[in-house]
Amino acid sequence: MKWVTLISFIFLFSSATSRNLQRFARDAEHKSEIAHRYNDLKEETFKAVAMITFAQYLQRCSYEGLSKLVKDVVDLAQKCVANEDAPECSKPLPSIILDEICQVEKLRDSYGAMADCCSKADPERNECFLSFKVSQPDFVQPYQRPASDVICQEYQDNRVSFLGHFIYSVARRHPFLYAPAILSFAVDFEHALQSCCKESDVGACLDTKEIVMREKAKGVSVKQQYFCGILKQFGDRVFQARQLIYLSQKYPKAPFSEVSKFVHDSIGVHKECCEGDMVECMDDMARMMSNLCSQQDVFSGKIKDCCEKPIVERSQCIMEAEFDEKPADLPSLVEKYIEDKEVCKSFEAGHDAFMAEFVYEYSRRHPEFSIQLIMRIAKGYESLLEKCCKTDNPAECYANAQEQLNQHIKETQDVVKTNCDLLHDHGEADFLKSILIRYTKKMPQVPTDLLLETGKKMTTIGTKCCQLGEDRRMACSEGYLSIVIHDTCRKQETTPINDNVSQCCSQLYANRRPCFTAMGVDTKYVPPPFNPDMFSFDEKLCSAPAEEREVGQMKLLINLIKRKPQMTEEQIKTIADGFTAMVDKCCKQSDINTCFGEEGANLIVQSRATLGIGA
């Protein structure tokens with residue numbers, strides 16, 4: 001590592017180091033970590049978070065079974081509060097949790113190879129257990145709400161047990177969801193009960209609220225699992241850059257020094273949450289948010305209401321709070337980062353610190369840009385300086401930096417505008433067809449059902465994001481698309497798709513989306529032999545519910561393109577028009593299946609001729 005980079009690296013992380021030293025000093029004051037976490041969270045919250053932790057590791061265990069493990073840990077915590085010098089009180093809390101899991105009787109009978117994790121030493125033991133977590137598993141049913149005529153009475157008679165069952169159910173179904181989020185959802189559910197139990201139709205009231213809560217839980221779970229995936233795959237520095245951009249956009253009035261401290265603190269908390277250390281995750285998240293609330297005048301006036309909420313509700317509220325308005329008098333960055341003759345001297349003297357401040361300054365001026373776009377802009381600017389600062393006339397070399405950076409902006413703006421215009425002008429059905437055509441051509445190896453699922457996710461993103469104002473549309477679109485792409489790349493690791501996908505997935509984090517957008521037809525793909533059975537037509541095309549008919553037609557479209565990914569838009573239209581005419585004709589006949597048998601055979605012959613596919 002260059003000395004310059006090392007020195008600037010130390011400078012950049014000095015605030016984080018001081019914070020970490022403070023944390024170690026704080027922990028050193030407590031001989032027992034479990035005791036001080038228990039004291040911080042108090043009994044009810046500690047119990048709830050312990051239940052979340054066990055439910056996320058042991059997803060098949062019953063509530064009663066996990067309650068015994070929670071009791072063991074709470075008993076130990078209370079013992080350690082009374083006497084921190086007790087021998088078993090000095091262990092790290094995550095080790096205490098995993099030791100408890102490894103003492104479960106017949107662990108292997110229920111969890112098979114997961115039991116082998118117990119033979120490993122920490123932290124490998126925890127990594128092993130994490131690898132066995134199953135997101136939204138088939139063997140776990142969604143939360144089953146008690147009947148409307150008894151739910152209010154059950155809640156009133158035994159609130160703690162009632163909410164405990166809710167927390168348990170959500171945690172085991174969402175094993176990567178952070179504890180603060182789960183407790184926030186439990187509070188939302190409790191508020192819904194308190195409101196709906198006053199209504200004449202309790203069930204209808206709860207149904208409406210539950211739909212919103214389920215969608216919210218699913219969305220937050222997907223995002224948090226994605227954050228953990230980014231941390232694991234790309235490491236601290238990429239995640240740090242993401243956080244710096246996001247927090248600079250959200251709190252543009254806060255000085256760089258304070259935003260940097262918050263970034264470093266948040267990385268530590270996210271790592272705890274991603275590692276399954278939910279008690280530490282909850283405690284340190286609460287402390288971080290309390291620190292933020294104590295500096296509202298520095299960060300934002302938008303979090304005032306959140307900071308007045310109980311600690312269990314505060315974290316999620318702050319995360320969902322609106323961006324603060326950027327200061328009106330921010331000067332242009334051109335003078336400092338392009339026109340200044342000393343740019344190279346500043347860049348070379350403290351590379352990381354210089355780039356971090358550039359990212360902060362650029363981000364706080366552009367809350368309308370996506371995180372990924374700003375990362376591409378920063379990388380483009382950094383690469384330009386690395387090249388230009390080696391020349392005899394650096395200023396002349398980087399004089400057109402603004403134009404080069406604008407290319408990144410235009411590419412992203414054009415992608416968003418093109419897709420939102422398509423959705424607006426033609427509607428969701430045609431938008432989905434367009435997505436399926438594009439991505440089947442890019443990835444014809446992907447199973448039909450998975451392509452349809454991916455297309456639906458992208459259509460949902462379009463519907464959600466394109467209705468937003470220009471100030472949020474890009475960030476919303478590319479943010480969610482990056483999650484879909486990350487999921488595709490994760491699948492690519494275990495089930496390779498093709499060389500183009502592999503190449504895009506190996507790109508820098510911020511370049512993945514443009515790579516997927518620019519990806520062309522997979523020319524190496526060899527279609528399977530034409531099988532007429534894949535294009536069977538029957539009376540369901542007439543009688544099935546509209547949604548089912550639409551799904552069937554989309555699958556036919558995907559399977560058709562898989563036969564020849566190079567087909568043109570004109571060829572697709574010709575075949576689609578033929579299909580529509582066939583359905584219109586046959587659905588009016590008395591013997592529908594006979595008609596489909598004859599007309600379907602003709603359509604297949606015509607389609608093969610259109611595509612130039614031999615017999």
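Using the three backbone atoms N, Cα and C, a Cβ is placed for every residue, glycine included.
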Can you pick which of E33, E539, E547, E548 Swiss-Prot lists for the same Ca(2+) 1 site as E272, D277, E280? E33
Do you know which of C281, C293 Swiss-Prot records in a disulfide with C307? C293
For C397 (disulfide bond) and E272 (Ca(2+) 1 binding site), the CA-to-CA distance in whole Å is 44
CB-centroid shell, 8 A cutoff, Ca(2+) 1 site E33, E272, D277, E280, site residues removed: R37, P92, L93, P94, E275, M278, V279, C281, D283, D284
How long is the line from the C-alpha of D277 (Ca(2+) 1 binding site) to the C-alpha of C128 (disulfide bond), rounded to the nearest angstrom? 14
For H30 (Cu cation binding site), just give me the three-state DSSP call. coil
Entry from the binding-site residues list E33, E272, D277, E280, D283 having the most other CB atoms no farther than 10 A: D283
What subset of the binding-site residues E33, D40, E280 lies within 10 angstroms of C273 (disulfide bond) at the C-alpha level? E280
Quick check for the class: what is the C-alpha distance, in angstrom and rounded, between C307 (disulfide bond) and C542 (disulfide bond)? 56
Residue pair C306 (disulfide bond), D283 (Ca(2+) 2 binding site) - Cα distance, angstrom, rounded: 17
